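Here TrEMBL flags 203-214 as compositional bias 'Basic and acidic residues'. Summarising the annotation, TrEMBL assigns domain 'PET' to 94-201. The feature domain 'LIM zinc-binding' is assigned by TrEMBL to 282-340. Positions annotated as region 'Disordered' by TrEMBL: 195-227.
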Amino acid sequence: LQLCAAVLQMSGSQPQVGRGAPCLRCRGLCTGFEPHSWRKICKSCKCSQEEHGPSSELDDDRKIGRLLSGSRHASLTARLKGGDGARVYKRNRMIVTNPNISGKDPTFDTITYEWAPPGLTQKLAMQYMELVPKELQPVAGTEGAWQRRRRLARQLPLHDQDPAQCRGLAEGEQQLMHDFVTRYKAEALGVGEVALPGQAGGGKEEEKPQEKSIDPSTAPESPNGALEGTAGHYRCESCQQPVPGDCPVVYAERAGYSRQWHPACFVGAAWCGRHYCESLRPRCAGCDEIIFSEDYQQVEGLAWHHKHFACLECETLLTGKPFTLAHTSLLCSTCSQSRV
């Protein structure tokens, strides 16, 4: 999914989701997730919340549902029964059952994918999965499934969608954020579509055809626009390698249906929500939120709210004071020396 976000009614507190969860990065050194009051990190180990394990599937679907509701992709959401009226993403799961006939009595191996492209036959969906690196395939209970949910948490931060999750907004900036979110939902929000080459968007391609690597007069065209028996009619927009006519590819409607990507290559021109927002406004290196004020602190290409330009360890404000900067971590002189 290529996504960015809707706005909810403001509430007065930041959710404490995942409190006590062990850090998967520190491997036992962290005593459990303890949320910082305004940084999006653990007070104990300084790692991010997504490093302490993913949120629940329902929380993921609620977040994406809020993002898509009210947009041109609202059909991918549904109202949660017995819920608060909010819409959730209609996640498409896939269960594959394979017979195991190695023993005397045949048994069956069942594989559950936490997510699969909607609207495809199981055969085509499995072809799609086989084109994704095995370590990234979202098979339930595996590292690949966890990595997918971790990437979603990083790419679609809730504080880019909901001002109630923000601690950097000043008085009067809530409306600026509301307008910002409304604008990018209308102008940039998209959802990748999986189909065979030439079959996305109802099988309609743009008038300008993609450059072909073979002479189209040498082979007949199939009904879906791909050349039968050839592998060079379509090329991946990212790696520029030929795309066989029988292999699923990813389309982005806003990029036009003459462009397609291998499933593993759909990471370039199509931005995730996080990086699209950062292309429009600076992001605070302290609280990880978008900065809407025109007055902020800048150091070595990074930005901070003035009130968040503080030492990572002791929280001392560092405006006008000596400091060190390691990656994105600010330290006062005292805390910097204590780390040596």
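Indices start at 1 and increase along the chain as displayed.
Including glycine, each Cβ sits where the backbone N, Cα and C put it.
A mean pLDDT of 94 is what the model gives for the domain 'LIM zinc-binding' (282-340). Residues in the domain 'LIM zinc-binding' (282-340) partition by DSSP class (helix H, G, I; strand E, B; coil) as 10 helix, 19 strand, 30 coil.
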